[in-house]
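Structure record follows, encoded as structure tokens.
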Amino acid sequence: MSGLRAASVFSPVFKRMASSIPSQFKSIIYNSHSLEDCTGVLSVHNYKPKQDLNKSVVLRTLAFPINPSDINQLQGVYPSLPEKTLDYSTEKPSAIAGNEGLFEVVSLPEHGDHGELKVGDWVIPVQANQGTWSNYRVFDKASDLIKVNGLDLYSAATVSVNGCTAYQLVNNYVDWNADGNEWLIQNAGTSGVSKFVTQIAKARGVKTLSVIRDRDNFEEVAEVLEQKFGATKVISESQNNDKDFGKKELPKVLGDKARVRLALNSVGGKSSSAIARKLERDALMLTYGGMSKQPVTIPTSLHIFKGLTSKGYWVTENNKRDPTDKVNTIKGFIDLYKQGKIISPEEEIETMEWDANNGDDQQLLELVKRGITEKGKKKMVLLKW
């Protein structure tokens, strides 16, 4: 599947695609939550869609990642949850799991506004909570979808969360001067979002100081982040928390007239206060995660004497409040990708294949459960059609 992209439109192929839409769809659903074992609330459900498919946008699923937010929803602890409904012909009100996925348009309404959509286009939903762990999905309007043609499968399937988050963090809060020696600092430098941040920032002429956990192969990991993903400099958490390093070594790293204008925090605890200390006066720290499960701690002096602003960022709420910004974000991301300034996250992802034509329900359920519970790389379910 490496390098797979949206296909061109060949009428015989897509007529065949539209005619092959099954009478029943298959989705992974839940009607309750469990903090102890969230996989136990899942089941595979086959149902006849209630929408008139001749008047709807019909999509078949190409891939969906399994994200931490998906797991938190199953646990019932995520602030944004889909509405449970009887629309899927279930005994109890249920929701389809999954917030993110890549789809292919297989049928468009016979009449009405299709926007820019064509059969064969690759698309993602504008909003979260649409239910992506399914073989087919139906949308009422073309405007509920964003075209992602031009991206490879791995980028397209993950752009709605990691890609959007990184792009908006870099571009929406600071008016950067690309001609100046301007920096952002971030912790969790090996995360998927952080890797996109360094690439997007580099494309804007912004330098990045990425903080990563101490480890035996620190130099090897730092080199990959700098050479492959465009981080300007990688430092360890020990260095991040070392005040002597901050006073003596960091100025050498940053160079003359350096301005550290933005901190991106997804860890919390001591790491968050340490990156905040490196900011210039009247700078901003954005918190978009809390991997350490420790509170964000900011020294009082930074607020009083340096005018630091600290605020939260949540991609789901941002895009709900301003869906047009999400559309523009995706377009901007695709432009950078086409220019070769963003690389595919393919190597960061472990794919799990769902035989959409021949696989049985129990195999599918076990596949998804394994994707939720196994450690290691980010998991993505890839549908084999």
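Cβ atoms are placed via backbone N, Cα and C, with glycine included.
Annotated features, as they stand in Swiss-Prot:
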ACT_SITE  TYR78  active site, proton donor
BINDING   ASN162, 190-193, 213-215, 288-291, 313-315, LYS378  NADP(+) binding site
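A straight line from the CA of the residue listed as 'active site, proton donor' to the CA of GLY290 (NADP(+) binding site) spans 13 Å. All protein chains included, TYR288 (NADP(+) binding site) registers 18 other Cβ atoms within 10 Å of its own Cβ. Sequence-distant contacts (6 or more apart, same chain, Cβ under 8 Å) of ASP214 (NADP(+) binding site) comprise SER236, GLU237, SER238.
The 10 Å shell around the Cβ of TYR313 (NADP(+) binding site) contains 18 further Cβ atoms across the protein chains shown.
All protein chains considered, the CB of VAL193 (NADP(+) binding site) has 21 other CB atoms within 10 Å. Take the CB of GLY290 (NADP(+) binding site) and look out to 10 A: across all protein chains shown you find 15 other CB atoms. Less than 8 angstroms from the CB of ASN162 (NADP(+) binding site) sit GLY192, VAL193, PHE196, PRO345, each of them six or more residues away in the same chain. Non-local contacts of VAL315 (NADP(+) binding site) by the CB criterion (under 8 A, 6+ apart in sequence, same chain) comprise VAL161, CYS164, THR165, GLN168, TYR288.
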